[in-house]
Amino acid sequence: MSDRHPTLAQSYAERAKTATHPLTRYLFRLMDLKASNLCLSADVTTARELLTLADKVGPSIVVLKTHYDLISGWDYNPHTGTGAKLAALARKHGFLIFEDRKFVDIGKTVQMQYTAGTARIIEWAHITNANIDAGKDMVRAMAEAAAQWKQRLPYEVRTSVTVGTPVSDQFDDGEEQAQAQCTQPGGDEKGEEARSRLEAKEQQHKDNANVDGRKGSIVSITTVTQSFEPADSPRLSKTTEEGDDDVFPGIEEAPLDRGLLLLAQMSTKGCLMTKDYTQACVEAAREHKGFVMGYVAQECLNSAPDDNFIHMTPGCKLPPPGEAENAQLEGDGLGQQYNTPSKLINVCGTDIVICDRKLPCTNCVSRNKQSACQYETGAPTAKQQRYNNGKPAATGNGTASIPTKATAFGYSHTGINTLDFLTSIEATDATTTTTTTTTNPASSSQPLPSALAVCTTPEAIATRDRYRSLLRQLPARTAIERLSAIYFTEFNWQYDMLDRDVFDSQLCEWYRQPFTLLSCGGPGPQALSVELRAFPAVVFQVCAVALLTLDDHEEDHGNGGGEGLEGLKYAGGMTFEDLAREYSESGMEILTVLGKRGMGLNTVLAGWVRASFLKYFGWVTESWHAVGSAIRDAQEIGLHQDSRDPKPASDSAEAVLENQWYIQRRRKCWMTLVVWDLHMACVLGRPTTTNLGMAPPSLPVDAPVPKDRSKTPVVPRCENEPPTPLTRELWTYHIIQPLKEVLELQKEGPCPKDFSRVDRLHNEVLHLDASMPAFFRLQNPDTRFDGLPQCYWINLARAILPQITTFELMALHRPYIFTRPKSRTEALKASLDMLHAQRLHFMALKPQMYKTFSLFFGTFDAIVLMAAIYILFPKEHPDLVQNALQHFQWAVERFEAMSQRNPLAKAALGVLHAIYPRLKRALGISCRAARAMLMPSSSSTSPASGRGSAGSTVPSLPADTPRTTTSTASFTNPSPSATALPCSNSSLNKATPASTTSGGTGDNNDFSHWTLPSDFDWASLQPIYATSDLVYHDLGGRFNFNTNSPWGEEGGGGGGCGTGIGAAGSGQAFCQFAGDFGDDSVWSLLNQYVPF
């Protein structure tokens, strides 16, 4: 029967909707709320033990089974006695009371035993049970008794007696009150008596009056008042002591209805209950559905389509360690037989398992371990449990498999339930038990908040199935290992967010998980640890980023070749980029399926790698939002506060050391998120997600990567030891701190009250740059670690770190270039320094890495800032013009080489081609003179031929070489050798000059005569955020035609403006700036400057 009935596939919440008995509906809702199906049998002998046990284990159970006749010292007071106190504890902790009375007698006797006597069981026990050997009429008799008892409860009669000598004014008031009381609803014989007494009192009052109308002398009067008050609450006693009226959060009080369980089968050896007797129990239950809730049985007895009876089964015990979950268990020697939770839930189809517990329990007594038996206190309420579900729970080595069993059997995960007691008792002889302290989730499992016994709710089933379908999109393990090797070699060293040993360990652990975990009928992802359930999302994102470095047209992609990776494509014409997008989206879907509760560090890491994928792909807006989401997830799990660091899973040295390293990973993750948030805010002109005013958490320790985290303490790296990627990231964090004050300073606008703050920040950045460790310096670096395999990345880091300080100087002076000459000078020098570092960075990369975002924004922001300064203020800084033009040329070459792989570079080319004629026109330089000033190395060092990698050599500079070089060469009369230099391959120089003007000689004094009005308000211009304008405002270049161009030599360019347009013919084409920008932007101002 149990294999076929549909109730076995329904969740507790679904069964609550279809149950016919009010108490059954309430019990199923309670089981759904507490995620528990435990009934604790309180096999104790004193009232104190009973109440103590109920208070300690109440939060973890849904039913407390009592044996009233075992208890000595039972207090029979209906308001303050043992039964009333038990009822108060049931309200407070959310469980029902089941008195295991096993009624069996004639109907009349059973009625009196149930409703009367000393204990009055019906008044405090929600559920009782009966053996129907006396016949089915006994069930009818108990049902009638329960109905009559409930009928007497709707009203309470309150009687008050007053004796005294009232004043005359009180008569009218008293009469009005009495009349009102006599008209109360529910009047019966007592109401009529009260009305008669009132009439007699009025007649006596008239008789005592004097003839002249004066009221007679009254010595005293006795008033008896009765009122009938509706009993709206299901609580029987309305005089509970203080603190006894607490109700379990999340659900109302239990209804007044009473329920009966029929004793259909027993767990004792040699039980005489036959199949005919069991069938009679089934028939009696169907005849009295309004009173019978279900059965005490060894299997599911629901067989009819409308059967929805609840089943409770005693004799539950965990198998010995190492035994199968359905192993045969030994009895207690007195006839009691035991079954495992797996067998009772999955095979027998029971709803609630009954565990008999004493203090000390029977197991500890039999093993002579009475002193080791304890029930943990402090179990959380439902509201606290929902909050704590986001935090990992501790498990020891002996209890690692508990969460899977608990999820499969429907036990509560408070850490203080009978399953935990059984496991602590039977799995180890030690006295340690699980706690609710937040611990390292790498070794613990925590269910999702909606986890039930198995995936029975539609939501849980849908979660499991969708999770499984997404996992099927993961590549084979060999492909994952190859792609992760690419990721850790090419990308991870830049931020060191992921740890290779941890990733490999989790990958091995993932492939050790049984297939049945996610198969139909399995518990699903909620049975996995917090970190492991989100690990596939990390794998998807890592594979996606690594795929972006692969070339679809090359057979060997490095890091083991690409022959096997080609097999990952499942359709013709599919590219690695297409596959990368699908992998990244699948990773995000996994995080969506898992939700925002029960998150771990892997959730944050997957979100961050997704942000880096988006930025690497050129989707900067989406990347900014992804970073914000990852930061909020990190705040949810407490990465921003040291006080929320997890505790070790145990007191062992291994657990403590592993927890220390886990805390270091948390702090490293938060530090990197803060760096990204701050940097992207400055690049894009957007607000930060983190609160810059809060005290930051502790930074990670710059410690060498350990071989075994459980045996190695966290010790800082010595100065003579090789630097690690974390060393670089820590230094990045320190040198980026001035950006906080830069953002604050920008709030004052282009004219702050005091520029001394700007100068102070400028000097602070220069000091940080001068303090850079020698092995990170670009000029005269310390190269003693360069040959070490673990330091393959350090050469490229030397070209990247200087870009951070130069960007800070650019961001610092950017708002003031229109209003302050000194800021223009410093911004110009910083821009040239940035372009120099960007060129070195570019030359060290292979073409597959041209998607790197930093390789784009550093060049674009610097080139636009530099050009804007020279176009609007052409007479300043003539000594840097040649250097500026050279870097402009190289920047265009780089973008043209990157444009096939980097969409941002392709879009930016149109902007550069619109800038170039304006720049030359403002400086009064012809195309021929501009080409003459370019260095011979322009074409020989074309980046298009670069085949660098992370380990490529970046040329270092001598110690006395300034990063911003100056030139004193005259722009007039270029030497013959200079004019004979070969032209670059850039599209800027592909046009053939049609004519030259008088200014074509490049005279230094022949600047453009374009002037602005004398009263032009420079402070009205908004700061230049070039990358932000390109991303958010669709900045680009478009053609405009001028038939009378005096500068006919200019041709078009790539990136949106064409190549060689205007080389011949009567009309000339030039680029205007297009986009959604305001009139107060520099782009609108430059559009007014016609470069012909």
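Backbone N, Cα and C define each Cβ position, glycine as well.
In three-state terms derived from DSSP, LYS65 (substrate binding site) belongs to an extended strand segment. As annotated by TrEMBL, substrate binding site applies to ASP43, LYS65.
Taken from TrEMBL, the feature compositional bias 'Polar residues' applies to 219-228 (among others).
According to TrEMBL, the compositional bias 'Polar residues' annotation covers 982-994 (among others).
Taken from TrEMBL, the feature domain 'Xylanolytic transcriptional activator regulatory' covers 623-712.
For 165-251 (among others), the entry in TrEMBL reads region 'Disordered'.
The region 'Disordered' annotation in TrEMBL covers 376-399 (among others).
Residues or ranges marked as region 'Disordered' in TrEMBL: 695-721 (among others). Secondary structure of the region 'Disordered' (695-721) per DSSP, as helix, strand and coil residue counts: 0 helix, 0 strand, 27 coil.
For 937-1002 (among others), the entry in TrEMBL reads region 'Disordered'.
Cβ neighbour count for ASP43 (substrate binding site) (all protein chains, 10 Å cutoff from its Cβ): 19.
In sequence order, CYS39, LEU40, SER41, ALA42, PHE98, GLU99, ASP100, ILE354 are the residues near LYS65 (substrate binding site), counting only same-chain partners six or more apart with C-beta under 8 A.
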